[in-house]
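These notes are about the structure you will find just below.
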Amino acid sequence: GNLLWSPSRQSTLFSASYYGSLMTMLLSGPMADKFGPKRILAGAIYILALLTLAAPSLARFDYWAFFGSRVVMGMAEGFVQPSANALAVRWFVPNEKSTMSALYTSGIQIAAGSSNLIGSWLCGVDWMGGWPLIFYFFGRNHISALVGGCWLIIWLVYVTDHPSQHKFVDEKERIYLEQHVVRRNTVHACLLCNFALSFLVSINQNFLPLYLKEELRLPLSLNGLFTLLPFLTQLISKNINLPLSKMSQELQAMWPLFPLKFVCFAASFGSCLSILGLALLPSCHRPWIAAVLMVCYGIVFSGGTCGFLTSLLSIAPAYTGTLFSISMACGQLSSVLATYTVAAVTYFGWPHKWMIIFSIGAVIQLFSGAFFIFFGSGK
């Protein structure tokens, strides 16, 4: 391309938003718990949209200007997930936590998968240099929704921080929610699971296209399609699991922690095997094996939503924002570690680069699942 940035500078850019998130992560959750997540979340999304639009101009102007914008975006991102979780937990009763977490986090897979697919196509467009179109396309869509008022009006009118503040909720539903959204320690197991999950998420979102290019020699058109697969299968599988989580109620009555722990360990163990397979089996002559393994990875990885995430949403609902601030801080540290792991292996020129990177992620994932089996809880 026309931005002559070294691999080390590129890795630093990948970690810039994580630095920003670390600055606000521990502050954002307590703020959401104390002042309400509704307006905090709207403001954070607005900042993200503006800086996405400005990204190509800042990148052409100066590397450090672009780096600074990524840090600020990370600071805004630090408010998003704790605020979203603090809001969601106030509207769902305990036995619906798994259903809730699967449904409202589906946007992550939709966004991550579709943006890679659309981005790979936009990179091949000659108009305006190709890659800037990615930032203009997604930034403009967010800005038009916010400034045009469509999303913002719906958000401000129909979304409230608590059922008691909502003008349009049926009185019976409001009373039911207020009575059953209870305020009720398993934190360390959840933190470790989020650390492990974030390591693999960072590798897949930031470096999976590079792996497909370097290791499997995939063309740009297929690269975007392959990158979509794990996110698409995560989206489908975790929402298919919703009726299964309801069917587990009888089993949960006999052994309350079994479904939660089993699902979390199965997700960790399955993810470990899938990532190790991705490191060992595919080649440029057999790229289809990578597609199969990424589908398998997406199916099993989604179990984390019904496992440790449900646990984190259940153990202290009144302080969900604060707990997610701490959890996401661990996740952001893991994401920074993942980017520098890739940078270090690349810098030292070690052979079997991707085998080393994926193996590290697999071991971390397996250890976190075993730890949750012994120390995790949903109460």
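Backbone N, Cα and C define each Cβ position, glycine as well.
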Candidate ranges 71-93, 186-208 [criterion: TrEMBL lists as transmembrane segment]: 71-93
Proximity verdict for the transmembrane segment (220-237) and the transmembrane segment (323-348), three or more C-beta pairs under 8 Å: no
CB contact flag for the transmembrane segment (12-28) and the transmembrane segment (323-348), at least three pairs under 8 A: yes
Candidates 102-122, 258-282, 288-316, 323-348; stretch with most C-beta pairs under 8 Å toward the transmembrane segment (71-93): 323-348
Sequence-remote partners of the transmembrane segment (40-59) [C-beta within less than 8 Å, at least six residues beyond its ends]: 3, 28, 31-32, 65-66, 68-69, 72-73, 76-77, 79-80, 83-84, 87, 131-132, 135-136, 138-140, 142-143, 146, 152, 155-156
Local confidence of the prediction over the domain 'Major facilitator superfamily (MFS) profile' (1-379), expressed as mean pLDDT: 79
